[in-house]
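Positions annotated as domain 'G-protein coupled receptors family 1 profile' by TrEMBL: 41-272. Marked as transmembrane segment by TrEMBL: 26-47, 59-78, 98-120, 140-159, 179-207, 219-243, 255-274.
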Amino acid sequence: MHEGNQTSISEFLLLGLSSQPGQQELLFALFLAMYLVTVVGNALIVLAIGLDSYLHTPMYLFLANLSLADISSISTSVPKMLMNIQTKSPSISYESCITQMYFSIVFVVIDNFLLGVMAFDRFVAICHPLNYTTVMGPRLCLWLTATPWALSNTVTLTHPSAPPIGLLLSCSDTTVHELVLFVMGSSVITLPFAFILVSYACIITAVMRLSCPEGRWKAFSTCGSHLTVVFLFYGTIVGVYFFPSSPDPDNRDKVGALLFTVVTPMMSPFIYSLRSTDVKGAPRRPLLGERALPVMP
Ligand SMILES: *[C@@H]1O[C@H](CO)[C@@H](O)[C@H](O)[C@H]1NC(C)=O
């Protein structure tokens, strides 16, 4: 580290998506709406699942956990962004910036691991249906949901400069840090994804072995919502980082971060509740005394 090359920084200026005054109001309204839709949609899912004992199956408990992670994830960045637009002050303190980075990374990692856990659930349900209730007991479910929360915190904490901003500020040689970060970052994303691919390879093989087409479709349709969210989640990553449409890399990062923090959490409650008659039926069930079909995995 060279002497005289050290400056202490206490605030950052955030580069907004747009600096034109008319667009600021539009952005504010747009993000406020998206934020409310996401929080309300996901909160309804958590409530519907929590209040309905028919939905206390591993698949729905994992979904409630995913919704909770989505609410937390969007709440790390959007309220601060709305406040900045409203007060027209683009600054953020160093501490808030690191904290925001930390939690954004933690919740993306949790989402990622939960999608892996949900793939495992579908794998057991379709490939080992007879052992489903024994394998997916309450203890394993608790363990499977607690691990992503613990693991993502550990992964993000073990490397002190995990938030990339720390790298930019550090005056020391960052090559090693960057390498560690790259390996860590890519394994945190690719390992669950590889796990999901392997689970679905087994699921497809098992489904193909079923003799009647109706049974095949029925088994596979229980994976529909999960598959859609998986496509949305990893599709955003692949789309943004591998097929950039904007030649300006700064803008590409901004749009990518935005899709990731706002659009994916906003869409998942709709994908799940539109596809799942169980969740859709939940609010009516206690009122009408309608006996729901047991939720077959
Ligand atoms: C998350 O999953 C665990 C274990 O499956 C469950 O006990 C808990 O209620 C779930 N969380 C929510 C918010 O539903």
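Backbone N, Cα and C atoms are what each Cβ position is placed from, and that goes for glycine too.
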Top stretch among 26-47, 59-78, 98-120, 255-274 for CB pairs under 8 A with the transmembrane segment (140-159)? 98-120
Distant-in-sequence neighbours of the transmembrane segment (26-47), which means Cβ under 8 A and at least six residues beyond its ends: 16-18, 63-64, 67-68, 70-71, 74-75, 78-79, 81-82, 85-86, 262-263, 265-266, 268-270, 272-273, 279
